[in-house]
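Here is the structure we will look at.
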Amino acid sequence: MILLIDNYDSFTWNLYQYFCELGAEVLVRRNDELTLADIISLAPAKIVISPGPCTPDESGISLAAIRHFSGQTPILGVCLGHQAIAQVFGAAIVRAAKVMHGKTSPVSHTGQGVFLGLNNPLTVTRYHSLLIDPRTLPECFEVTARSEEGEIMGIRHRVFDLEGVQFHPESILSEQGHQLLANFLNR
């Protein structure tokens, strides 16, 4: 079972739908309606941290879940979830030079992890005003995708099964979103 932590974002249900279409059993819980003990009892096979309208500091149980389950359970962070992963490991989250809300842009990627077998560059949909400050991303992460402007669009932990994407693979305008999520499911 995938635990999908909902950070009060409507895109959470698009993620839910995509994962269900891929054959996954998905349990959705809001970030303030479960504790770390609840998650431990649920024993999810994978965890997805959803997008959200806030900063990682306001993402409820998300930060604690990332801290606790990193290295034990595969975790994918989407948008806010991506930022939360980076912040847990010490990166700073900063305002983007250009706000991207509902805009598509190409990202170039390494072809690893969730990007395995995807078009390169890949057209994705972005909804964010915050980004990972690249100067603060710890060495334990590799950057797996960047925008044309060089902004971090994907990260992957070098040891743990822990990955994040700044964009929304679950948006209808994102290219190969199902395949990206299938890559997370099928490893």
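The chain as shown is numbered from 1 upward.
Just so you know, glycine gets a Cβ as well, placed from its N, Cα and C.
Pulled from Swiss-Prot, these are the features on record:
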- Cys79: active site (ACT_SITE)
- His168: active site (ACT_SITE)
- Glu170: active site (ACT_SITE)
- 1-187: domain 'Glutamine amidotransferase type-1' (DOMAIN)
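Within its own chain, Cys79 (active site) has Asp9, Phe11, Ser50, Pro51, Gly52, Tyr127, His128, Val165, Gln166, Phe167, His168 as residues 6 or more apart in sequence whose C-beta sits under 8 angstroms from its own. Within 10 Å of the C-beta of Glu170 (active site) there are 24 other C-beta atoms, taking all protein chains into account. The number of other CB atoms found within 10 A of the CB of His168 (active site), across every protein chain shown, is 23.
The average pLDDT the prediction assigns to the domain 'Glutamine amidotransferase type-1' (1-187) is 96.
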